[in-house]
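Residues annotated as 1D-myo-inositol 3-phosphate binding site in Swiss-Prot: His34, Asp45, Ala46, Gly47, Gly48, Met49, Asn50, Lys103, Tyr136, Thr160, Arg180. Positions annotated as UDP-N-acetyl-alpha-D-glucosamine binding site by Swiss-Prot, on the basis of sequence analysis: Gln40, Pro41, Gly48, Arg267, Lys272, Val333, Glu355, Glu363. Residues or ranges marked as Mg(2+) binding site by Swiss-Prot: Phe342, Arg343, Ala345, Thr369.
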Amino acid sequence: MSQYVSRLGRRSPAASPRLRLNRKPRRVAMLSVHTSPLHQPGTGDAGGMNVYIVELAQRLAAINIEVEIFTRATTAALPPAVELAPGVLVRHVDAGPYEGLAKEELPAQLCAFTHGVMQAWAGHRPGHYDLVHSHYWLSGHVGWLAAQRWGAPLVHAMHTMAKVKNANLADGDTPEPAARVIGETQIVAASDRLIANTAEEADELVRHYAADPDKVAVVHPGVNLERFRPFPKGRVPGPGQHGNARAAARARLGLPQDALIPLFAGRIQPLKAPDILLRAVAVLLDERPELRSRIVVPVVGGPSGSGLAKPEGLQKLAARLGIADVVRFRPPVGQEQLADWFRAASVLVMPSYSESFGLVAIEAQAAGTPVLAAAVGGLPVAVRDGHTGRLVHGHDPAAYARVLRDFADNPDLTPRMGDAAARHAQSFGWDSAAATTADVYTAAIQSYRRRVRSHHG
């Protein structure tokens, strides 16, 4: 990690102490073409990136950096602009049909989206935006053009990368197209700074896309510690009362008090591998049929990506495995209720094939629940193996079943790991992430100015 900018650690030359005396940006244009920060996470293309953008924008505004988020309008009823929070404006851009447009079809609408962004900017003086921060490769192409037109630096966050996803495909998943690989390579070359969630992601940018290490900054995403906590806000636990919080959450959600509850929360698609959890439960019940009467498996989320092609596929799998009686499918829920699902669970299960970070893993831990996850991407950073949860190498359902059996046989495992998880999550606040991001912005601005001066020699 030492070769990258990380958590205000060693700085690249662009962020030397002398240059840090310069001001941070006043106003940032954030781009999120394919998914709106106003959408409900857990379905369609809305997920951790939506939460990331909302939380980051609000915390940047709190340190006096205004944020305007440009996103594609998905209904005609949307107003041109919505104030998300003081200092945070969401601008809806018309580009293509409002509904029925798959993410794979969006590259054809990037010209229209860019035109809409330029129209919104046209009434402003030069320098209105100090910096462009794009999220995901589709936004990166718009950001590249906007930054050039506005004379501003470009900061880009990949969130996911085609080459990494293609190297870790789930069965039945669709490979990312070559056009995306080419596009990501161009964005990496054009960006003044690249933000990676973890040191591993930073290494992947360098290894797969020839990114300049001096331009890569590692900024761990955060968690809303006011929302995701072992006890709901306003309720103060006494010593050793975290179990009471779990019992109360189960009562609110209508879940049995003595059940083993392995929870899946997220978009239902092959990449997230909810089928691995179901297969693991089937293995567990084959070995320990007496557990059937005290296991409940909630699946909270909606179909997304290639999962949209077979929206009933997971329900049919549960029936084929003979576990439909213990699986409960629930639609995506808001953040407050999601926190309750985390509190109620014995363990959150994330068998993903690829995760740039795994935001829900930190959210669950902040709520006092351990995590059982695949040892991929950023999950080994989010989860402390053996302390705040368990990491599994590979996707063998039997390996996950063994860990679930440990939770079933050791009732103290959930509260013990859950307490450690809640403490671990405290180091992932969004305020810290926003402060570090602002530092990256300042470094990008100074680097851009030096580059412009050198060109004009």
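Including glycine, each Cβ sits where the backbone N, Cα and C put it.
Here the features listed in Swiss-Prot are painted onto the structure.
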{"residue": "Tyr136", "record": "1D-myo-inositol 3-phosphate binding site", "Cβ contacts under 8 Å, 6 or more apart": "Ser32, Val33, His34, Met49, Ala157, Met158, His159, Thr160"}
{"residue": "Arg180", "record": "1D-myo-inositol 3-phosphate binding site", "Cβ contacts under 8 Å, 6 or more apart": "Trp137, Ala162"}
{"residue": "Lys272", "record": "UDP-N-acetyl-alpha-D-glucosamine binding site", "Cβ contacts under 8 Å, 6 or more apart": "Phe264, Gly266, Met350, Pro351, Ser352"}
{"residue": "Phe342", "record": "Mg(2+) binding site", "Cβ contacts under 8 Å, 6 or more apart": "Phe228, Leu263, Ala265, Leu348, Glu363, Ala364, Ala367, Gly368, Thr369"}
{"residue": "Arg343", "record": "Mg(2+) binding site", "Cβ contacts under 8 Å, 6 or more apart": "Pro230, Ala245, Arg246, Ala248, Ala249, Ala367, Gly368, Thr369"}
Among His34, Asn50, Val333, Glu363, Thr369 [binding-site residues], residue with fewest other Cβ within 10 Å:
Val333
Candidates Gly48, Asn50, Val333, Glu355 (binding-site residues) - the one closest to Ala345 (Mg(2+) binding site) by CA:
Val333
Work out how many Å separate Glu355 (UDP-N-acetyl-alpha-D-glucosamine binding site) and Asn50 (1D-myo-inositol 3-phosphate binding site) at their Cα atoms, rounded off.
15
If you count Cβ atoms within 10 Å of each one, which of the binding-site residues Arg267, Ala345, Glu355 comes out on top?
Ala345
Tell me the Cβ neighbour count for Gly48 (1D-myo-inositol 3-phosphate binding site), meaning other Cβ atoms within 10 Å of its Cβ, over all protein chains shown.
24
Determine, for the Mg(2+) site, the additional residues of the same chain whose CB lies within 8 Å of the mean position of the CB atoms of Phe342, Arg343, Ala345, Thr369; present them in sequence order.
Arg246, Ala249, Leu263, Ala339, Asp340, Trp341, Ala344, Leu348, Ala364, Ala367, Gly368, Gly418
What's the CA-CA gap between Val333 (UDP-N-acetyl-alpha-D-glucosamine binding site) and Gly48 (1D-myo-inositol 3-phosphate binding site) in angstrom, rounded?
14
Round to the nearest Å and give the CA-to-CA distance linking Gly48 (1D-myo-inositol 3-phosphate binding site) with Arg267 (UDP-N-acetyl-alpha-D-glucosamine binding site).
10
Measuring Cα to Cα, tell me the gap between Arg267 (UDP-N-acetyl-alpha-D-glucosamine binding site) and Asn50 (1D-myo-inositol 3-phosphate binding site) in whole angstrom.
13
